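Colleague: Below you'll find the structure I mean.
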């Protein structure tokens, strides 16, 4: 009770007694305060996603290449830069909102043009042009108030107070040197200048901030620095001194030159940037972390966005989904380019992670940040012909990529861990890790690609086949370890039969699954058209009649209003006419009223009969010959009847082959029609008329009923296109092969499956990974030989896997 305070205790009781909603608000506010810099980053990125202009592009790049790479936190200089830049951007946008500017006179015409200069710069006239900038400025001021409350706003000035005077003297000496070069060169103190230049770098302040993060670490560091300096620190100071001397020589040289002031200003920008990245790659202290899994997940999400929204990265945004394009054997160029780029960056990121090279990661981060921003905001709008702010899929992809940039910056700032091998799913031994790991291994080529990449970019003495052998053994042992741990958590007493819940739960599920696989094609093809089928009405019905091998005598088609759907009364009357016909009723059972279309074709041919005179005479001679193949004799004035040649009922299946429906024809005979030739002074054409029609019409005409089969939805067309036999051959038989291997290959794997305790084998595999990371390659060979001998010796395997 030495530090007991009644007021603090009463305050604690007061807050505990508050409503939960109020406590939740307090917790959210505390979270906001603790991560106020993340709020600023989010608002800046959101502002750039909405505006998508050159004005808002600067701060996101500074976030990923300056703020998030600063140790231990962004400096006051960055926050002041962000605040001042936001204020200037607001003033510039406000100034260009006046109507006297030429580009503001036709805003409605130019607002959607991606390459209109005011749209690219961000000075176009629009409603709410400054809303997000004001929110961004408010967030920056909120973060500044948080830093001031915790005494972190003036931390940089306190850490560099000792070097301010030297910097000032150095600047004054150089200024005086520009006035009188001969006098200043004589008065320059080389040692003092070197020291002042050495502490003048802003990024040296970063190193000081690292050392002054806590007073204890600062004192210990100073004492160790003064007593015994390590070889690495000595070499680093030598490099700094050499670099400082070179920089001093450059400063002395540029003073004599004509463009000395310009070069000096350039060096003032270049040198701090170079020193910043040098300190980043060679830190004094390194809080090692590993966020590769999160970066991989972010890239995977971007990959999924590309696959399902690839049309947003192409010219035509009204394209179908990827399955429809691939089913037509068409690979969109935008989809191919985006997939290859995304996959390539994932491979490069994996290589850098395995090599543990921070310098390569920094270079890759800089190239990727500039490349992605240039492509997304300058190239993509021209490809898609619309602004980035109007492309929702591209905005989502960019936001996830920004999460990846933040994780990459955090990885660079903290450094890579010593050991990077091993799958992140093998860190625990439970059902979740087990099923996720097995699902990971089921993805085609993913396990093989990962194994080969790990072998390429990891120092090892093993061959590729030996490496894959170790990976396979480790994966197999991990799976066994998960099963053994589950057996320990849920033990089964000896001599007790299995519970019905387990038997009917697991066994019943397997039975249902196998039955569904066997009967899946029949069930799928039946339901896909009866339940999810879409009515496929005809758009055009054409009739062409030809006598012998001569030119067609009759051609007619029906479209639009000539194609009619039966009303309920007509449909019921149609069904009653076949009440006693079992075959017809069975056929009609598969069709609904909307699947039947009645086509009314005009009896007069829509084309003139332009037959050549020799063919005409020959056809007349054939018609006059009753012993010929012609079943009808026609003259100029005589009308003959064509018996049993008109189908009347036609089935239009999903394919292109239409067939007559014999079940609906009376006595399986086709209908009778009449054909006559009409001739005027110089032209002639044929007229056809159907004798028996359901809808009596006075003029010559033909009537045709079309029964249209339902077709599968477009999203399932690629699967339904195989047909029943195709599904059996491609799905059922393939799955059956894997199931048969599972049930028939058990006896051959008993020696490697029934291992009671796999801890020692698992430890041997992890030891191989460990010595490989530490560079003990000879020991790696010995441990690998021990692992191979263990699998070659059944007796040794029994001894190693006994229960303790």
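Positions of Cβ are set from backbone N, Cα and C atoms, glycine also.
Marked as transmembrane segment by TrEMBL: 14-32, 39-66, 78-96, 291-314, 334-353, 362-384, 396-416, 428-444, 464-483, 504-528, 716-739. Marked as domain 'Piezo transmembrane helical unit' by TrEMBL: 34-154. Here TrEMBL flags 155-180 as region 'Disordered'. The domain 'Piezo THU9 and anchor' annotation in TrEMBL covers 289-526. Feature annotation from TrEMBL assigns domain 'Piezo non-specific cation channel cap' to 641-803.
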Colleague: Quick one: do the transmembrane segment (396-416) and the transmembrane segment (362-384) have at least 3 Cβ pairs under 8 Å, skipping pairs fewer than 6 apart in sequence?
Modeller: yes
Colleague: Should anything in the same chain at least six residues away from the transmembrane segment (78-96) have a Cβ under 8 Å from its Cβ atoms, list it; otherwise answer none.
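Modeller: Long-range Cβ neighbours of the transmembrane segment (78-96): 40, 44, 55-56, 58-59, 62, 66-67, 70, 104, 118, 122-125, 129-130, 133-134, 136-137, 140-141, 143-144, 147.
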Colleague: Which residue counts does DSSP give the domain 'Piezo transmembrane helical unit' (34-154) for helix, strand and coil?
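Modeller: Output for the domain 'Piezo transmembrane helical unit' (34-154) reads 82 helix, 0 strand, 39 coil.
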Colleague: Quick one: mean pLDDT on the domain 'Piezo THU9 and anchor' (289-526)?
Modeller: 84
Colleague: Could you tell me whether the transmembrane segment (428-444) and the transmembrane segment (39-66) are in contact, taking contact to mean 3+ Cβ pairs under 8 Å with a sequence separation of 6 or more?
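Modeller: With fewer than 3 qualifying Cβ pairs, these stretches do not touch.
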Colleague: Compare 14-32, 291-314, 362-384, 428-444 by their Cβ pairs under 8 Å to the transmembrane segment (334-353) and return the stretch that comes out on top.
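Modeller: Comparing 14-32, 291-314, 362-384, 428-444 against the transmembrane segment (334-353), the winner is 291-314.
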Colleague: Mind checking which residues reach the transmembrane segment (362-384)? Cβ under 8 Å, same chain, six or more beyond either end.
Modeller: 52, 57, 60-61, 64-65, 114-115, 120, 277, 280-281, 312-315, 317, 334, 345, 348-349, 352, 391, 394, 398, 401, 405, 408-409, 412
Colleague: Do any residues of this chain, six or more beyond the ends of the transmembrane segment (291-314), have a C-beta under 8 angstroms from a C-beta of it, and if so which?
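Modeller: Apart from its flanks, the transmembrane segment (291-314) reaches 320-322, 332-335, 337-339, 342-343, 345-346, 349, 353, 380, 383-384, 391-394, 396-397, 400-401, 403-404, 407-408, 410-411, 420, 424.
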